[in-house]
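**Q** Below are the structure tokens for one structure; questions will follow.
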């Protein structure tokens, strides 16, 4: 296929009642014209005009020779250089100002360019085509231009040109950068004197600062009028005039280049292309804010909204002014460098970066410091110290040539003696910007981003699992770490949620369900809990989640422990006197009432002393949910619901914070009678408010993965209910059952009913949701077993096994979980290419299981023997015997018409049953964002760019500033 020669970038259009802008991927295509777009630097020359501009272009001896055809209201973009200075390349934007107010009505964009559209908002809707061009130049071109050449004859004369200049000045500053373009009025030599007079009068009528806000300078350059006549013989004097113009443009480009270099705004071609793309998308917005290069570079990863809180948490670790200055301030400054300068970020001046992104957060954090911590420092002085330290650190990083990650690691090691004594459950002391997720063996808690940034994924072995990180040391205190693996979720995989209800001894039902699911999946030695990423449990369900994930037990071990747990938990120490009275027929009712009073006095039917000892023996006296455990190696997150004993609210991520100094909630503290946990308050069994924690689990998924799509599936396991409850709800009860106390009792009980909660969850689904919901429960038919009926545990488990075994829902879930073991990634070295009105994409389908394990080998053998295959569109890819011995990676190639159209990748069984792999159906837009392939200014975890130099940005919608 021949290379596309179209240069069109922007195109204004007019409908019956609206105005719009078409934006092609031309800036990204220009990367192919440069040998190294990441290091090559170039300016932008903007040419505004028509006929005389085309003639002048030839005379200027620009490398391209002639300008191509350009329609009305179009802006073309291409790379070029002067023939005398071929080594100095720059971009040229070819534009004009519609003089007659005519704009095209229909799109004529070639099929070889990806096109995005923007409509001008009602507030930004210009009254004329020339005003529309003014706004387009102001937002999409002036912020990046070094030199602007306005060809006066093509605009309508010097008066019309000055009117355009006045309109540009009325729009104000085009960017926050200290660099302004130089504006040249190019006109015939015969008109120079009059034009100088008009321009001088205009300058005297306005403030000097008004002009300097928009342009570095405005001047007139005259050329011979005869030179515009094509085919006329050039004479030596006229040639010298053109040489003057060419020299002046080249000199101005170089002068602007030097200003940009000194101020930190000399961009690589890749970054310039990205900024041009963003400038075009902002053109139709009503906002009059100048283009902010630093903020635009952080659109994909904004600063932490709670940064000031984390900075204050860190600063409050220090008790003297000396340690504050020697340790805290340098570490914060280094942390801010770590936040803003990942690989791929432009080298902005750190002083500008601090003023734009961090000054407010640092000010807020300084204000919240106690006088003892701050000493005699005022907040303004603290902010200045952090800013100066950041500038110093930046200069030292530039001098040393080390990466920002290595530099921050060095700063942490210098302070490890102090940091080894510091701790925080609210703030990661490694980056000082996020909430921690993993508590290491040394006691320090770090966030997942620091795990990715400071530790190599997959180790040094190319065959190792790329989604497993094995830290060798704590970055905070340098303590050695042995035998710790942290599994991460693949970027393009969707979350799988498991929710387990509470129910006393009926908790054996969910365990039986899990056993049946594991058997139906049929992968030997692969525990069922590994198929889920987020798990939530209430009461007995929480115990199951902890046993399966924190302790890493099998389903069979979990069931055995659950029986032992129930036998010891439900031992009722009834006083001997009450036990004797209960046997006397006449006073048995009195004994029952006295027993109720006894329960009220001792605050619970069962003693928690023995239970607490059992939990401490099993889980450990100091183990918490954030400690590294089997769940860390499995890559899962778990949650336990509690109920506030004071107001009855279900506690979740927001209601049960771990403030500084409160310590971590230990596992054994979350069971039985209400218990006060530190200063957080008194809490009791979560089943009193949310016996079915599925809705809370979904909210937690949104908090853990704010940028991820909705979960692929939610599996809810119930502990049984009775159909007789529905009869009671429908009114089948005695007349006294309608009295107020009984109506209130039924209403309160229904609030915690798991089936009701599940129906409410399904009722709130949005129609476009792709999440699959599965619910397994037991219908006891008659009376439900009591929550403490230990002797009925086996019967409950058998009923659950009978209810689920062989059901179509179980078969469908198992096949979905098997398919979810596969995920898809685009090949970063072969980015999507747009041609013939569609994207050609290359990627790989991979498996979460790894070669060399019995689970993987058996899984691949099963797929091969059953003739299973992966289906991508009309293509099928089968499994071979070679797949059994090596890590699975199936290369696939396909086309999609645009970035928002979805496509499916499914696992097809022997009966032609199709199930989506993880993340499917996909869109190209989501894949590019999830893999960070369009992160031209770096990613938060400091991953290095893997894309080829010609990677195209996919016109993905970004959040507005």
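Cβ atoms here come from the backbone N, Cα and C positions, even for glycine.
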**Q** Any idea which of 537-541, 542-546, 547-551, 552-556 is down as motif 'GXSXG' in TrEMBL?
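**A** It is 537-541 that TrEMBL describes as motif 'GXSXG'.
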**Q** Quick test of your reading of TrEMBL: among 496-501, 502-507, 508-513, 514-519, where does it put motif 'GXGXXG'?
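**A** Spelled out, TrEMBL records motif 'GXGXXG' over residues 502-507, not the other listed ranges.
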**Q** Looking only at the motif 'GXGXXG' (502-507), how are its residues distributed among DSSP helix, strand and coil?
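**A** Residue counts for the motif 'GXGXXG' (502-507) by secondary structure: 4 helix, 0 strand, 2 coil.
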**Q** Summarise the model confidence on the motif 'GXGXXG' (502-507) as a single mean pLDDT, whole number.
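**A** Taking every residue in the motif 'GXGXXG' (502-507) and averaging pLDDT yields 87.
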**Q** Enter the number of other CB atoms within 10 angstroms of the CB of residue 539 (active site, nucleophile).
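**A** Result for residue 539 (active site, nucleophile): 28 other Cβ atoms within 10 Å.
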**Q** For the motif 'GXSXG' (537-541), give the DSSP counts of helix residues, strand residues and coil residues.
**A** 2 helix, 1 strand, 2 coil
